[in-house]
Amino acid sequence: MRDSRGFLWIGTLGGLARFDGRNFIEYPIPEDFAHSRYNIRALAIEDENTILLLNAANKLLRLRNGKYELHPANEHLANITPRDLAVDHTGAVWIGTDSPSIMRWSEAGGAGAMEIFDTEAGVTRRNSTFCFVSDENNRTWVAGGDFFGWYEDGELHRYEKQSPRSVMITKARAGGLWVASRDNLARFDTTRGTWNVVLSGKDWPMARAGLQHFYEGKDGVLWLATRRDGVLRLIDGHLKPLALRYDRVHAINEDINNDIWLGIYAAGLVHLKPNRHVILNSDAGLPMDVSTSVSIDETGALWCANQAGGLVRVENGEITVIKAPTRNMPFVINVCADQRGTIWVGTASGLYSTPVKADDGQRVLRHVNPALRGIQTLFCDSKGNLWLSWASSKFAVIKNGVVNEFTAEDGFPGSRVASIAERKTPKGREIWMALENGRLFQVREDAPDGEKKFIAQSLPHGALDAQLHTLFVDSENNLWLGTTSGLVLWREDTPRLFTQDDGLPDNIINQVIADGYGRLWVSSRRGIFHVSIKQLLAAADAPGSPVNATLFGRDDNLEGISGMVGIQPMAWKHRDGNLWFVTYRGVVGFDAVRPPETPKPLPVYIDGIHIDGARVPVPGKGSIHIGPGVGQLELHFAALDFSNPGRVRVRRMLEGFDIDWNDATGELHCAYPNLQPGRYVFRVEAINGDGGASRAETSLVIIVAAAWWQTVWFRAILAFACVALVSWIALKVSNRLLKQRLRRLEHEHALERERTRIARDLHDELGGRVTKIGYIADSLLREDEPTPVKELAQNLVTQSHYLVEDLHGVVWTVNPQNDSWQQLAAYIVRYAQRHLAGTPILCTADGAHTIPDLPITPEARHNILSIAKEVLNNILKHSQAARATITMSVENERFRLVIADDGRGFDPNAPENNEGNGLYNMRTRMAEIGGRVDITSNPGNGSTITIDSPLKCRPPQYGGGANPQPKNPDATQSRHC
């Protein structure tokens, strides 16, 4: 029985099951309803979500949303054996019993009521079944035993114009009823009341065969299941038997793909669909099962190289083995029909031929050339020439009966030829040859002597190491190569390799041919498939474009069929469009029907929801709401395809949970644990793999409610509490840090006050005493004292002046009021001018006014000032310069001091200039504050010392110790430091 969505329901001896074309899903009957008797007698569809069934326990059950319940009519079935079941257009339930009687249950008006029709209504006996059919006029017809009539206004009316015996009825597609009785088969027009006998007498054997069930398919064929004659079909007014191994057919129905299904007693289901292929082997009448080559002549006759069975000709179902010229039949390897009426035959013992047409009807093989033994390839070109290869290394063309063999001098490599093809060009034609070892050549048969006749052609990178099996040129002049690495579209500049990654079922391609509808048919290791040439060309131009291939397999009764390789020709197109392939199961012929322009989308459903193991109804539309705290959500789904379920691809995705689509082909359900609160959309998509791009999708909105701890208000309160806690902790930490900073500032202020006091004491006390010493020495100098005393006094005056100057420098350095870069710059200028005053050296300074009034650390101020003094002192002592220049600037937050002179200069790298500590001290001082010193000087060209320091000095870390020093100042600063 088929429901409104397209599922097939099967009642068996063991219970109820649902079938979607691929999977059976059982619906076990609870023991309370079955009483250990699980046989299903009858099924009916009550509505879209409800199945009615009669079981062997004489119970009428409802299956609704996956749950069984007793039907209200059961209270009227006590001591009655129900057998037949139906639901009419009003929703009323009809039951046929063993009594015999007919019962009708209706819930019209709210309360259920049962009507019983028995002998008083004319129901006197039953045959195999009672039948109930609603016609196009919404009238219910009833038939069974010798009763035939209709129900109207609460009464059952007998049809008095005819008195059929053992009558059964079924709905006719063109309107009205089919009425089958013991005596005849008739068409009854329920609108006009006309009765038309279709079969009777000898043409209607039901009195003997015994009709059990009949059904009219969408194509108008009437199917009849009998007790003794198996299954019969009414086609063009005649009954034709169906070859079937099973006789006991109990039910016939049709799926959504218009294929017929038979329910067989104790044998399951039989699927019947139009046969699109035929296999020629020993079962069909050929001497041997396997043929190695196939060809078709100009008359449409099929020729098979049947190996030890010889050369076989097939025409209009008649099979003829061509006679051999001797008593021993040659071992036939391949066969090829040319355009001149000759059939060429390659054998192990040489080349043979036979005419397409024979005047006397008797054809005999003629031995053409015994020297051509072990022929592998035969190819007849458009000019009537025969190309062939033999002995695994020979290659030739026969023109006008002359064998022209190609040798190494012509450029032929002497390898086994796999395939030969002809390609049209604007100038005429090209002959192409593929070697089995993977090399492809264009053959220039008319090339002048001395020129190569074999031009090697390139293959795509992925096929460089592949073996070549076949060549084929389609109607658009595209050249296709079958290889062990995939299908190659040859192009001079950009050959393209197609593999399983592009959508092909297999990478090992044996034979290729095209039909008349733009499809390539390919014989591969996994079987035979076809694919759109248009899709292949699009994918060649735009990698990533979809390629949908249709593989013939189990659904076509061709599972495990594998194409052969190594011989040519092994595939051929008939003039009627049929395609023929050589396989290990025989020669297979396909009816290459036109593909549908718009593939029919497949029905796809979400038909089951389980929450923590409990089944819940699937909403028809809208969404499903799930409470908080759900552990696992299980979703059941199905995609319906009864003709070719193996070609259907299914994928699923839960938006809000899954990142991308998941392949669900073959799955029945999926589970999602511990979903967080929110809105989800479960999507299921079915893709028809029958060479098209048909897609169908269904979806379900799932809303998971939040528990109180998952609500927005709770999260808001929690977030506020967290913020408050963090703020409190931050406040505590901030207060602690502030107190530490205040203590540090108090300490720094105390240090500054101490430094100020020290500077004041040095200036007031030590400075005064040094000044007094100078005054006393100066007084001695003016006295009339001996010369030695005057010299000592003069020296004392000089040293006191130096001491005062140094003291001023120390006082300036210690004073915290001078802790700025601007003060440092001004002091360096003043110091330089005082230090060089009264000397032959002219000192100029520039840029001091540009230095910002930013704070400077005492360490940086002391080190930079010490280096400046050292440099000025060196200029005075050693440079013999006439001019010294001081330049200051700030760039990129770095202080730059340049002191240059025009003296005699020196070599900074000379060993004598590195023996002292002067240069080393300079580098060390700058390294301590993160700066650098660059010294540029050459003998005779003066010298330039550049001091570079960051305005924010951060002494670098050199490691532990009480007095850290740079490990290698030269490496730390630069080559110049």
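Glycine too: its Cβ is placed from the backbone N, Cα and C atoms.
Annotation comment: TrEMBL describes 935-947 as compositional bias 'Polar residues'. Long-range contacts of the compositional bias 'Polar residues' (935-947) within its own chain (CB-CB distance under 8 A, at least 6 residues past either end) are made by residues 864, 867-868, 871, 879, 881, 895-908, 919, 926, 976-977.
According to TrEMBL, the domain 'Histidine kinase' annotation covers 864-953. Using DSSP to sort the residues of the domain 'Histidine kinase' (864-953) gives these counts of helix, strand and coil: 30 helix, 31 strand, 29 coil.
The region 'Disordered' annotation in TrEMBL covers 933-977.
Same-chain neighbours of the transmembrane segment (712-731): 706, counting only residues six or more beyond its ends whose CB sits under 8 Å from a CB of the stretch. Annotation source TrEMBL lists transmembrane segment at 712-731.
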The domain 'Histidine kinase' (864-953): mean pLDDT? 86
